[in-house]
Amino acid sequence: MFFGGDYNPEQWPEDVWAQDVELMRRARVTLVTVGVFAWARLEPAPGRHDFGWLDRILDRLADAGIGVALATPTASPPPWFSLAHPEALPVDAAGVRLSHGSRDTYCASAPAYRSAARRIAAALAQRYHDHPALALWHVHNEYGTTCHCDLTAEAFRRWLRHRYGDLDTLNDAWTTAFWSQHYTDWAQIRPPRATQYLPNPTQVLDFRRFTSDELLAAYVEQRDLLRAATPGVPVTTNYVLGDWVPVDHARWAAEVDLVAIDHYPSDAGPAAEEEAAFAADLARGWARGSPGRPDWLLMETAPNLVYTADRMHTKEPGRMARNSLAAVARGSRGAMFFQWRAPRGGAELFHSALVPHAGPDSRVYREAVELGDRLARVAPAAAGVVEARVAVVYDEPSAWALRARALPSTRLDHLDDARRAHRALWRRGITADVVGGLDDLSGYAVVVLPGHYLMADRQAAALRAFVEAGGHLVATYLSGVADEHARIRTGGYPGALRDLLGVRVEEFHPLAVDASVKLSDGTTGDLWSETVHATGARVVASYADGVLAGRPAVTRHTVGAGTAWYVSTRLADDAYADLLHAVAADAGVGPVRPDLPPGVEVVTRRTGDRSWLFVLNHTATVCEVAASGVDLLTGATVDGVVRVPAGGSAVVGTG
Amino acid sequence: MFFGGDYNPEQWPEDVWAQDVELMRRARVTLVTVGVFAWARLEPAPGRHDFGWLDRILDRLADAGIGVALATPTASPPPWFSLAHPEALPVDAAGVRLSHGSRDTYCASAPAYRSAARRIAAALAQRYHDHPALALWHVHNEYGTTCHCDLTAEAFRRWLRHRYGDLDTLNDAWTTAFWSQHYTDWAQIRPPRATQYLPNPTQVLDFRRFTSDELLAAYVEQRDLLRAATPGVPVTTNYVLGDWVPVDHARWAAEVDLVAIDHYPSDAGPAAEEEAAFAADLARGWARGSPGRPDWLLMETAPNLVYTADRMHTKEPGRMARNSLAAVARGSRGAMFFQWRAPRGGAELFHSALVPHAGPDSRVYREAVELGDRLARVAPAAAGVVEARVAVVYDEPSAWALRARALPSTRLDHLDDARRAHRALWRRGITADVVGGLDDLSGYAVVVLPGHYLMADRQAAALRAFVEAGGHLVATYLSGVADEHARIRTGGYPGALRDLLGVRVEEFHPLAVDASVKLSDGTTGDLWSETVHATGARVVASYADGVLAGRPAVTRHTVGAGTAWYVSTRLADDAYADLLHAVAADAGVGPVRPDLPPGVEVVTRRTGDRSWLFVLNHTATVCEVAASGVDLLTGATVDGVVRVPAGGSAVVGTG
Amino acid sequence: MFFGGDYNPEQWPEDVWAQDVELMRRARVTLVTVGVFAWARLEPAPGRHDFGWLDRILDRLADAGIGVALATPTASPPPWFSLAHPEALPVDAAGVRLSHGSRDTYCASAPAYRSAARRIAAALAQRYHDHPALALWHVHNEYGTTCHCDLTAEAFRRWLRHRYGDLDTLNDAWTTAFWSQHYTDWAQIRPPRATQYLPNPTQVLDFRRFTSDELLAAYVEQRDLLRAATPGVPVTTNYVLGDWVPVDHARWAAEVDLVAIDHYPSDAGPAAEEEAAFAADLARGWARGSPGRPDWLLMETAPNLVYTADRMHTKEPGRMARNSLAAVARGSRGAMFFQWRAPRGGAELFHSALVPHAGPDSRVYREAVELGDRLARVAPAAAGVVEARVAVVYDEPSAWALRARALPSTRLDHLDDARRAHRALWRRGITADVVGGLDDLSGYAVVVLPGHYLMADRQAAALRAFVEAGGHLVATYLSGVADEHARIRTGGYPGALRDLLGVRVEEFHPLAVDASVKLSDGTTGDLWSETVHATGARVVASYADGVLAGRPAVTRHTVGAGTAWYVSTRLADDAYADLLHAVAADAGVGPVRPDLPPGVEVVTRRTGDRSWLFVLNHTATVCEVAASGVDLLTGATVDGVVRVPAGGSAVVGTG
């Protein structure tokens, strides 16, 4: 079980290091990430390395039995690099070349950057390939920098040539017949820079795909080099989540030995726990596509705070531990934090840390010590696997496509829709994987498509096969409306799924910000409604008011051995939860424990005949959950019911 | 009666064309606009033309008896052009040169662009001058691109030399004594680019005037060339409305053979109908300055949706037809739409169309068929002319000037004020023209000046002549305050109209966002108030509270045979409607029909002793309107009263 | 007593000048500021001067006995200069080089600009050094232009070399170990330009410090040159206030002969009077560091309006005079306005003026005449000095540092906190100086530190000395948390003041926008709360709800002969006023008059045994204040009580 966080000894004099290592030992830290932003210290001048300080701290850590996730520092080139290679600084959509002075000031398509990155990675691999502390390679940090420069333009054109082969195909995919954009020479194509009015949406979409692939290539280059040096040491990079990130993480999963995510919820209240569960199940979904084990790692989270729009909310006592166990419950191989020790200065000087500015005589460090103890106690559960029979599809290209301008509503948000679907299940205690649009669906009883807008033919075919084989599909509005090039499948929405769902949608009726629509079953929807014709499906609920009164709103279609539901509006949370609960029940899938109080989260990890029931009580009152076995946290025997205090946790193991 | 819309065969394989033409015939389409954004397909390489596809579709259309508004495609230069002529890409105020990838990526002052535009226009004229489908030339699309590049700077300086003759005159007009801006060489003058603080407001105003004239010159160049080739075919360009558009449409009217507007209301509710009536009456006002007939054409509107700030609102059943008849009622020569067939991709793939993504088996296409039938039935009414005895002045340079920074209120909006005046009349059933600030006022009984801020001496003289001759003038706050160079006419506001109105305004008292002020007659005003001294005028209403309590708010001045009203605050809608209704009554002007229910719109077109009464029932209940004759839509005889169903229309013809 | 304003004869034909001078005489104007933006008229071509018009107007003014604050016009280089020296136009953070066309389009680090500025200043000094009208040199106008160009980068590096000596020291101060920003060559350092993510906060802070010093050097250069020419004429520059201004005015005070401020309140209501009192006390605080007398000058304010976010609010009758006397009450040497005569055009054509667009037949000019009379009557009071025993610290670098991104709350605002402290005292009638962070505190009984975030060791030592010697200190949250390089003082907040305050703060708990927290004494706080450990201090009030319930909120620590209070939340206004009132009472400091009605402002100027009590009645009802002597405004004898009418003023002199 990994426990620890980002550790930046280069920010401190060496006399602090001894205290650090002692404090880590006291807290049972097992892994620290070292070197993430240390390029300027490791290579103070081109090709001249200074590894002395890193040698000393790695030795100290090894002596203390603490593993190291050794980072390549390539997310932040040093000042000397940017001065020598201004062409490797990123350029924004308006053509502004950014300056050094923050982090991530690199262009992934700049040869000078790529070669300097390979050089420092190789130097680290050569020096530390056999260091006893080395437990994991941590490549770069939060890949996510978009650039619009001329070097990027060249790389984009190469990528497009590879994707489309010839210009006719590209012109067709991009619908360049619209607005006189027909290309007759590859050289005419550029990244989507600032332009007069609406950009070409497929150009924008492909540019994000390209950026993802270009960053992935930069990662793979380093990974290959590290793998060659240390075949036995796993290599990963930490994914950053957020809708600004131009990375299709599902495609990256195949290239990492361990899916690692950084998770920073945005809500100070209970919604943070739902966000965290979503992120965990998303990571687990990605890990299904990874060559390694099905678990994953929460590589970064803030120990003691939640970033909201206007402030840093300090976590309530005990919340850090409960959040950590919740991640482990959902398959994380441990709990890692940004960061070990709070810095004195720099851009993130108030970011939370296990050793805060106040020092170890502090609640947060004391809670870290307790957490280290708890993680050690629950280590056996790491053998268990989380089993989910329900999948929620989150397809990053669809999310990107629905962020285009000039769509029927400015509030379309596939990520939010996926979170809503997941939240509906979470609130009913049903464990779900969040999977990518191209992932294998076998093994699932229920699949939810929350606005899966872009759909290639093979994806539609896979969904049909899933249903025909007895699967239960729930698709919501906009799923399957477009092909992979963001072109509408004409003849009636949702083109790719029309037959499977047994409906034909004639028109969209997006709703105003404050509007909602009633359904015949007493529920309500908002954001969206549609003129739905049932062409085979049975009408489950109709619109009860407005211009669509009497027309189908929710339908169900029997296909082969399965059923395909269509939901044409955005159901209110409770109604959505009821619907998904009912569909799951039809599919023979139930909650981990029925009738839990709101805010009590329960997940099982299982292997063979052994299982571990994680109970996370996010509420302010004690709760009781049916369980038998031994609570790993307390060592107490549980016989029938485990009582979990307000804000507390239990991990009941059996077998 | 024109009926049809933008048609883009280049977006579709030819096998769709046959279906298109058949669907057009079924809908009685009479005119389609072809080629608007087809430059890249018409001229795939410099000077190399591909007209084959256009030949084929024009022939098909001609065979089907469908006319073509043939567009010059110059609003969107092809990629090859932008690559070869980067200096012809527009530059924004911050100096960012925009990229190709949208539409309208041209600089109207770039010689390369102008010459390429002339070349393609000439090629089209040469090839299609005698094509039987050719009914109208549609130059460019929605002229409105502003550029701040160095080529534009040169053109701006040429325009300024022509306007001012010498630098002394310019320095005086621009008040360059303020902030040390005195110019001593023409070369020192630039477009208003990003600067440190507030720009020179007259420089900004003149730059908009220049941009309008520069775009007009680009239009005239093409028009002359097309006229020379086809003397009998009318030439026009479609105006786009919106306060970002740097075009003084009133000045353009003299150069088009048919005023054509694109109208996209911004409100999903009933305000859209008021907006549409305003746009129609504005177009009719412009058409008065056009050399052709007094009618105009609604060249583009969305068939089935209204764009609001946050979504595309789908029109209610029947609304498309009612809106179309409302345009015809106000003088449109028909109803044209953007667009015929919804595209599969491109930036506007969800824009509404007569043939939607769902195809012809759809409400919208069925309504299009009905609309075609109705337009054919009302065709006789096209002979009628809309008669208005009331004019509302909308002066685009005043609107621009009131959008300057550092004015007494950030909420000054001449366009909104003009709409309010028009709406007040609309709600009382009084037909009004919306005319430009330099238009001839003879023939009107009542003229409303809603914040006509910039006023040249000759405009003030024309208003005086209008009143002395018996006209009724209603001027609101800020009218006449500045001269044509946006310089204050000192000595007391509103300098240009002080004597005519018989008032002297000493100070402005702009009101806070949530504030209002009561008047002695029980009405209220907001936004604005003033210290008014009556110097000849009679006080009709006074301020009843606040710092101005007891001072004049609304005044009336008898001058010659007429009267001049002054309104120093922004009256609430009802009070404004009452006031304008009373002034009109004084002038002998009444509503088309008195005491109509709110939301019932009634307009008459007349010629000789024939007349057509259009009744548009925008309400949800049946209405009855006094009328006799024959309802062209139904063929029924109307004897005294026409009953119009909820959401329906009637066109009762007599004579 | 100075009375007058900015006068721009260059905007008017000479026939207006005679009227101007006559109107000035009638209003008893004593000083006008001439030439502020006249560079283009004074030097129409490089090195060619046209002083004729200036000679003529200065002669006229001298003949009328009106003094002149003669300005160097260097805030607005002429168009010819910008055309010849584009490198002297400022560049924004995104690299956009701004254009001429506004004002302040200069880069203070451009040698061409600096030399041209010296040249025109020298020419003015040479020509007018012995002109009888010359009363004051007014250098430039509102220094405040930031530039990010390469010339600035060079100057920034020179400044950094001077500040830090070597790169090791800079790297340490800037914490460049964070995010790989370690500098190995001075050439690598640049201004903080647009970058990928959060900038280095110390780099940003130092860049503002550098900008302040660079602008100061530009000022000093001119001042030295003017002083050399006219040793007897005082030299100043007018400070502009506002959080965008990159100027540390406290450091500038030592370089001016008279502190002069421009003050434009932002609130139309009574808060404007509190803002004005704060600005006045701030100016007086700066004047303490100035070599000249302790008074200062309100150099610009708007005669008749208040700029709010959405409009220009017209001042109520009498408010201009009351505001002017309020400034004099707090030490201003008079009342100067922007501006004398309202311009016809230019960017600020609606800015208020003593002679408005309406001309002298206007309320505002009549009030100006009255004001001139009043100022003449109160002239004896100019001998008096305002005595304050309370100081509120406002430290501009702290304000800058708290505007960094990624702080615990987005709403931290040191200026607002200082205003709140000052307002609390103002509402209790307690006179306070607002002093800089480095100012001498001797002479004060009470010092308030409202979020004095940056604190050097010597500042902390001075505060300790102040308390030990018997002073009363009130420090609020975030005071002393960081050192002068914005680095956290670790080990528990607030590091620099931990011992002095007798508290150790473990964690911050910023509050949500709509949240507040109750205290045990019934008061409430918002914005901020903290985990406070009393380590010597006595707990005065505790948190009464929330996660901190029961923990200390407000504490008091006895140190030597004094006391040190700590306030860990943002107290509501009343509670804050009660607290500061009580602390002041403990320190033997009381209000000028006790128990005044809200909105009645009372201040005393005193010298020897003579004193002048200023009473400003900002309320809508008459008030009575204990006083004896003679009311200078009316000449009436006051015996025990002065009655001041609603909106009126009194100045009761004794001795």
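Cβ coordinates are placed from backbone N, Cα and C, and glycine is handled just like the others.
Going by TrEMBL, these are the annotated features:
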DOMAIN    A:6-377  domain 'Glycoside hydrolase family 42 N-terminal'
BINDING   A:ARG103, A:ASN141  substrate binding site
BINDING   A:CYS107, A:CYS147, A:CYS149  Zn(2+) binding site
ACT_SITE  A:GLU142  active site, proton donor
DOMAIN    A:388-589  domain 'Beta-galactosidase trimerisation'
DOMAIN    A:599-652  domain 'Beta-galactosidase C-terminal'
For A:CYS147 (Zn(2+) binding site): intrachain residues, at least 6 apart, with Cβ closer than 8 Å: A:PRO90, A:VAL91, A:CYS107, A:ALA108, A:SER109, A:THR211
Pairwise CA distance, the residue listed as 'active site, proton donor' versus A:ARG103 (substrate binding site), rounded so that it is a whole Å: 11
Of A:CYS107, A:CYS149 (the binding-site residues), the residue whose Cβ has the fewest other Cβ atoms within 10 Å: A:CYS149
Fewest other C-beta atoms within 10 angstroms, as judged across A:ARG103, A:ASN141, A:GLU142, which are the recorded positions: A:GLU142
Residues flanking the Zn(2+) site, with Cβ no more than 8 Å from the Cβ centroid of A:CYS107, A:CYS147, A:CYS149 and excluding those residues themselves: A:ALA88, A:LEU89, A:PRO90, A:VAL91, A:ALA108, A:SER109, A:ALA110, A:HIS148, A:LEU151, A:THR152
Cross-chain proximity of recorded positions to C (CB under 8 Å), evaluated over A:ARG103, A:CYS107, A:ASN141, A:GLU142, A:CYS147, A:CYS149: A:ARG103
A:ASN141 (substrate binding site) and A:CYS149 (Zn(2+) binding site), distance between Cα atoms, whole Å: 22
Summary of DSSP states over the domain 'Beta-galactosidase C-terminal' (A:599-652), given as helix, strand and coil counts: 0 helix, 37 strand, 17 coil
